[in-house]
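This report refers to the structure that appears directly beneath it.
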Amino acid sequence: MKSSHIALLCIVVLSLFALHECCEQGGQRHSQKVNEACVPGPCHPLVPHCWCCEHLRGIRPQCCWSGSTGRDYCNQQCNL
């Protein structure tokens, strides 16, 4: 490989790493504190990984959500 190819490859790898870090954080910086109203917990024996409203935990078990967007949806609903 020529040195220009190596330099170009390094730039691409660094760009992909930066993009991965940005997507993993949801576009938010570490310094910003996110107000989360939900906590992880089991909502049913068949669905072990759910997000439940912390202030309604044990009172209303139906206030839990699962799935890939469960955390975001839970935070939206619990902050109402």
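Placement of Cβ uses the backbone N, Cα and C atoms for every residue, glycine included.
Features reported for this protein in Swiss-Prot:
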type: SIGNAL; residues: 1-22; note: signal peptide
type: DISULFID; residues: Cys38-Cys52; note: disulfide bond
type: DISULFID; residues: Cys43-Cys78; note: disulfide bond
type: DISULFID; residues: Cys50-Cys74; note: disulfide bond
type: DISULFID; residues: Cys53-Cys64; note: disulfide bond
Cys78 (disulfide bond) to Cys52 (disulfide bond) - Cα separation in whole Å: 9
Nearest recorded site to Cys53 (disulfide bond) by CA-CA distance, among disulfide-bonded residues Cys38, Cys43, Cys74: Cys38
CB contacts for Cys64 (disulfide bond) [other CB atoms within 10 A, all chains]: 22
Residue among disulfide-bonded residues Cys43, Cys52, Cys74 with least C-beta crowding, 10 angstrom cut-off: Cys43
Minimum Cα separation from Cys38 (disulfide bond), reported as the residue among disulfide-bonded residues Cys50, Cys64, Cys74 that achieves it: Cys74
Distance from Cys43 (disulfide bond) back to Cys52 (disulfide bond), taken between C-alpha atoms, in Å: 8
Sequence-distant neighbours of Cys50 (disulfide bond) in its chain (C-beta under 8 A, six or more apart): Pro40, Gly41, Pro42, Cys43, His44, Cys64, Trp65, Ser66, Gly70
